[in-house]
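Data block below; observations after.
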Amino acid sequence: MGSTVAPISPEGIPAALLPAISALCSVGRSLSRQIARGPLGASLGRDVGTNTGGDGQKALDVLADTAFATALTGTGVRYFASEEREEIVELDPTGHLALAIDPLDGSSNIDVNVSIGTIFSIYEASGGAEASFLRRARDQIAAGYIIYGPQTSLIVTFGQGVRYYTLDPETQVFELAQDHLRLPEQSGEFAINASNYRHWPMPIRAYIDDCLAGEEGPHARNYNMRWIASLVAETHRILTRGGLFLYPGDARRGYTRGRLRMLYECAPIAFVIEQAGGKASDGLLAIMDQRVEDLHERMPLIFGSPAQMDRVTVYHDLPPAETSALFSERSLFRV
Ligand SMILES: O=P(O)(O)OC[C@H]1O[C@](O)(COP(=O)(O)O)[C@@H](O)[C@@H]1O
Ligand SMILES: [Mg+2]
Ligand SMILES: [Mg+2]
């Protein structure tokens, strides 16, 4: 049902981007149906290999990657860079866009019926395949994600605020639900994978220790914690009710720059968050002002409500000696 109906209402979408956005939505609604069948359909969560970055690949990672590359051909996209592919693919030599994609984000959640998504980032193609992507994140002209959850929704920015669409299950069209999404200025929630506590750098440990100290600590408030292990789901919650997300670099082998990929995850999420009134950094520098030298390069990522971001930045600004003094003082109070 619905595959012949235009997948999104076109109002407010820049004409030059409409074919690509429509293609993303078209694949999005098809994936949404396949994901919704869960155990009744093909086993989408089975392991099928390893991608170039060394991450395990699930059947749905590969299926989604192929579906997006196919659907985006002939939509103005010249260069297609995917988390699941080592090299950039030239889809159309006459295209004017460069599109980076995490076809399926949160893949550890495929089999457990928890929200997963697709993250995308669009630049003007310029100066060749690699040069089109290896530039400042602020050069993005559009970015967003599709979340496959209890509702399937598209969150997208074209640089003038954030638009929020939801897939109507009856009509199979992404309908505009809100055209200027703003995230709350502050909140009492944070999201981090706390199992890595012992590997974190001092500023992150000190900040989280102070959050855990609650009303009795220096922040003088109690916090709540969430960790879904789907960046899209975490982003969607923070856009809706505020909060802070942290995936810092840590001392594990291969994690010095965290886990998330700049081109496919950090840059597009940072663009959306900034456009919604939030902030995104690596702890010190805005993600939007950074560039990487490798397509699959990782980047520490901290983002969320501006008040919480300002606070966590202070911990990173402290000279190392002071942070560790702070930290050892706090540790006296830990059991
Ligand atoms: O399992 P960890 O280390 O907590 O990592 C969770 C993070 O990994 C990711 O699942 C990585 O994305 P992929 O599923 O696209 O590899 C993020 O969505 C999430 O924030
Ligand atoms: Mg991902
Ligand atoms: Mg992925």
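Cβ atoms here come from the backbone N, Cα and C positions, even for glycine.
Annotated in TrEMBL:
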- Glu83, Asp102, Leu104: Mg(2+) 1 binding site (BINDING)
- Asp102, Asp105, Glu265: Mg(2+) 2 binding site (BINDING)
- Asp105, Gly106, Ser107, Ser108, Asn193: substrate binding site (BINDING)
- 21-178: domain 'Fructose-1-6-bisphosphatase class I N-terminal' (DOMAIN)
- 183-316: domain 'Fructose-1-6-bisphosphatase class 1 C-terminal' (DOMAIN)
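Here the features listed in TrEMBL are painted onto the structure.
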residue	record	DSSP class
Glu83	Mg(2+) 1 binding site	coil
Asp102	Mg(2+) 1 binding site	strand
Ser107	substrate binding site	helix
Asn193	substrate binding site	coil
Glu265	Mg(2+) 2 binding site	helix
Record-annotated substrate contacts Asp105, Gly106, Ser107, Ser108, Asn193; largest Cα to Cα distance in whole Å is 16
Contacting binding-site residues, sequence order - Asp102, Leu104, Asp105, Ser107, Glu265 vs ligand 2, Cβ under 6 Å = Asp102, Asp105, Glu265
Residues sitting within 8 A of the centre of the Asp105, Gly106, Ser107, Ser108, Asn193 CB atoms (substrate site), not counting those, run Asn109, Ile116, Ala229, Ser230, Leu231
Hey, what's the Cβ neighbour count for Asn193 (substrate binding site) at 10 Å?
-> 14
Name the residues of the same chain, 6+ apart in sequence, whose Cβ is under 8 Å from the Cβ of Asp102 (Mg(2+) 1 binding site)?
-> Ser82, Glu83, Thr118, Ile119, Phe120, Arg261, Tyr264, Glu265
Contacting binding-site residues, sequence order - Asp102, Gly106, Asn193, Glu265 vs ligand 3, Cβ under 6 Å | Asp102
Using the Cβ centroid of Glu83, Asp102, Leu104 as the reference point for the Mg(2+) 1 site, which residues of the same chain not in that list have Cβ within 8 Å?
-> Asp61, Ala64, Asp65, Ser82, Glu84, Ile101, Pro103, Asp105, Ser107, Thr118, Ile119, Tyr264, Glu265
Determine, for the Mg(2+) 2 site, the additional residues of the same chain whose CB lies within 8 Å of the mean position of the CB atoms of Asp102, Asp105, Glu265; present them in sequence order.
-> Glu83, Gly106, Gly117, Thr118, Ile119, Tyr145, Leu231, Val232, Leu260, Arg261, Tyr264, Pro268
How big is the gap, in Å, between the Cα of Asn193 (substrate binding site) and that of Asp105 (Mg(2+) 2 binding site), rounded to a whole number?
-> 16
Taking all protein chains shown into account, the Cβ-based neighbour count within 10 Å for Ser108 (substrate binding site) is 14
Local Cβ density at Asp105 (Mg(2+) 2 binding site) - other Cβ atoms counted within 10 Å | 28
Given the model, what does the mean pLDDT over the domain 'Fructose-1-6-bisphosphatase class 1 C-terminal' (183-316) come out as?
-> 97
